[in-house]
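Per TrEMBL, transmembrane segment is recorded for B:6-27, B:68-92, B:133-154, B:175-193, B:258-276, B:283-302, B:373-398, B:418-442, B:501-522, B:543-567.
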Amino acid sequence: MKNVYSILKLTLFMVVLLAVIYPMAVFGIAQLAANEGKGQTVLVNGKVVGYQIIGQKFDKSNYFWGRPSAVDYNAAGSAGSNKGPSNAEYLEVIQKRIDTFLIAHPYLKKSDIPVDIVTASGSGLDPHISPQAAFIQVKRIAQERNLSEDVVQKLVESKVNSPQIMGTPFVNVLELNVALNELK
Amino acid sequence: MNTELFGVISIFILSILVAIPFGKYIAKVFTGDKTLFDPIFNPIEKFIFKLSGINATEEMNWKQHLKALLSVNMVWFFFCFFILLFQGSLFLNPDNNPNMSPDLAFNTAISFLVNCNLQHYSGETGLSYLSQMVLMFLQFVSAAVGIAAAAMVFNDMKERTTDKLGNFYNYFIKSCTRILLPLSVFVAILLVFSGTPMTFEGKDTITTLQGDSVSVSRGPAAAFIAIKHIGTNGGGFFGANSAHPFENPSYFSNAVELWAQLLIPFAMIFALGFYLKRRKLSYVVFGVMTIGFLLLVIPTVISELNGNPAITKMGISQTTGAMEGKEVRFGPAISGFWSIATTVISTGSVNSMHDSAMPVSGTMQLLAMMVNAFYGGCGVGWLNFYIFIILAVFISGLMVGRTPEFLGKKIEAREVKIAAFIAILHPLLILAGTALASYFAANDTAMGYWFSGNATGWLNNPGYHGFTEMLYEFTSSAANNGSGFEGLGDNNPFWNITSGIVLLLSRFLPIIGPVAIAGLLAHKKFIPESAGTLKTDTTIFGVMVFAVIAIIAALSFFPALALGPLAEYFTLK
């Protein structure tokens with residue numbers, strides 16, 4: 001019994017060190033980070049319209065669209081579809097997404113569509129799409145917003161994040177759409 | 001593409017380069033030499049031990065070590081279990097998440113206690129911040145227990161005859177304060193400045209650019225995610241684990257998290273060499289592990305970069321590789337690499353959804369956990385490998401007709417029996433568990449209390465892939481890994497309780513076994529090396545160990561793999 005009492009005391013001290021002092025130290029340091037460690041936000045006219053790295057739903061035709069999401073971009077949770085690669089129902093869903101995308105972009109060939117724009121991400125909150133997925137939407141956006149294709153194309157080009165040494169190229173959809181609203 | 005592969009290779013090499021000096025540091029910590037952090041932590045440790053009434057200088061034999069190890073774990077289990085049961089009405093719960101059901105609390109408490117972090121809940125809705133902090137405490141101490149057990153085995157392998165094998169509490173607290181805590185602070189700072197939140201405020205409700213109203217979960221995530229990787233725990237703060245943008249905001253943070261989980265498993269192997277002054281032995285062990293790792297990782301990265309053949313047939317562009325369940329900022333190459341890194345070492349954190357990975361990758365992820373000894377988790381990776389070494393020494397001894405010896409100690413019937421038992425336990429737990437679950441699924445049994453509805457209801461995918469979901473869950477539990485084919489409906493009494501039991505058995509028996517063997521060997525007479533000694537720090541012995549591992553894993557698991565991911569591979573062709 002004396003032993004259990006010792007272990008309880010040891011546990012208490014370790015809890016204080018590892019689960020109180022350690023997180024409070026990190027919390028203290030986080031006050032120096034962007035938005036005091038509450039997650040970096042995107043502001044438009046002083047109003048928060050989103051978190052920079054949390055994807056949001058864009059389904060209106062005058063915005064660039066992001067990837068499909070298994071949680072419909074509700075960031076109160078997060079999940080992937082967890083569909084296996086050979087699942088027939090899942091493959092039908094992909095086929096439907098391709099068809100829908102082609103209807104919205106009648107000027108495209110199937111082989112222009114990159115796979116990321118018809119598949120769901122791991123988190124359901126992916127803030128990014130591949131540059132190709134942004135470029136193929138340019139014509140639609142230009143028509144919807146009565147802008148010249150050239151201007152929209154240049155905007156996307158300026159928002160492409162290309163890795164210098166390691167990584168993958170991507171476009172942040174929210175950032176792109178915020179910049180799109182500012183074109184006029 | 002090139003920048004993707006360059007990223008993978010440079011992160012791997014960097015991890016090895018840092019692990020060598022860090023291994024030297026770990027060896028210093030356990031030999032009791034002076035280290036950088038002594039002035040800060042020596043007084044704190046003395047204070048803690050004095051007030052707790054624990055004598056941390058008393059030398060223990062292997063039985064006392066195990067007794068101390070099991071007692072602390074017992075206390076921690078009940079502590080955590082009750083917090084989870086009553087989290088809803090305790091403090092630090094800004095999102096008003098409810099209490100856990102008893103079976104889920106049982107599974108969760110065990111799973112974090114055993115360094116597995118199988119999560120049958122989603123962090124955003126399943127835990128209060130208090131529970132997150134308590135689980136974080138377990139992430140520290142469970143890793144420290146593994147390292148302490150490995151340190152004791154290191155001590156046993158010295159060239160002498162003794163029962164005095166160091167002190168468990170001393171090894172344990174030093175693992176926490178000298179190894180895990182400083183590294184976690186470092187990683188947490190990198191994450192905070194990469195964009196991972198560290199706040200005690202609850203969900204934020206915002207109106208999106210398009211005008212929808214959504215909530216965004218936040219929390220004290222950075223501290224949690226640091227130790228989750230440093231301690232090879234793998235339990236995510238958010239449901240989607242390291243695929244969640246807050247948990248892993250960028251390619252840089254992804255590299256940091258990969259490095260963080262590889263560091264201690266790599267360094268422990270080098271520490272062994274520095275500690276025993278047998279660096280060649282540690283290079284042989286590291287070489288065997290690295291060959292095993294590369295054999296698993298290369299096919300995975302290739303198959304992910306090639307993408308899903310069924311989608312290629314639809315005629316769209318799949319030049320970026322398979323993207324279902326993957327994030328654009330990481331891409332398939334590093335996601336494939338991560339999926340094997342996280343399964344060979346027992347982290348189990350994911351940055352892509354394994355359930356949606358290609359069948360070849362699924363096979364490799366499963367094999368990584370079935371072997372469970374290539375690098376392996378904090379401390380326990382070495383313990384698992386130790387079992388294979390004992391078996392390889394025994395088999396080699398039989399082949400040349402001599403009494404097998406390892407580092408000057410005779411390996412006799414008792415040690416081999418223990419090693420064989422531990423080696424058989426792993427396939428037994430995995431295959432028996434999978435057989436039970438598959439039996440119910442095949443008959444679509446009504447499960448009553450155990451699961452609402454019929455058994456096929458817990459599958460998220462039909463056919464071979466569905467079978468793999470069940471196989472993966474038990475493999476992950478038995479390997480104390482914690483990743484999952486997350487489509488499986490696992491938050492119900494059937495899965496919570498069966499996997500909870502597997503977790504317990506497969507954590508503590510594989511610690512008890514090697515500690516007992518090493519303790520028994522330490523007690524034996526030391527025989528100096530002679531011309532007839534089987535040298536264990538040679539390439540030939542490395543090949544021998546590799547063969548033993550391959551035979552045990554391949555023969556035990558091949559039929560199950562053939563029914564699951566391999567069958568799926570051939571249907572997709």
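Think of each number as a place in line: the chain as shown, counted from 1.
Positions of Cβ are set from backbone N, Cα and C atoms, glycine also.
Sequence-distant neighbours of the transmembrane segment (B:258-276) (same chain, 6+ residues past either end, Cβ-Cβ under 8 Å): 11-12, 14-16, 18-20, 22-28, 30-31, 143, 147, 150, 154, 157-158, 179, 183, 187, 226, 229-232, 234, 282-283, 285-286, 289, 334, 337-338, 341-342, 345, 347, 349, 375-379, 381-382, 407. Counting only same-chain residues 6+ beyond the ends of the transmembrane segment (B:543-567), those with a CB under 8 A from a CB of the stretch are 285, 288, 291-292, 359-360, 362-363, 366-367, 370-371, 373, 388-389, 391-392, 395-396, 423, 427, 430-431, 434, 464-465, 467-468, 471. Here the listed stretches are B:6-27, B:133-154, B:283-302, and the one with the most C-beta pairs under 8 angstroms to the transmembrane segment (B:373-398) is B:133-154.
Taking residue pairs at least 6 apart in sequence, the transmembrane segment (B:6-27) and the transmembrane segment (B:68-92) share fewer than three C-beta contacts under 8 angstroms. Taking Cβ pairs closer than 8 Å, the transmembrane segment (B:6-27) reaches residues 35, 179, 251, 255, 258-259, 262-264, 266-275, 282, 301, 333-334, 337 in its own chain, all 6 or more past its ends.
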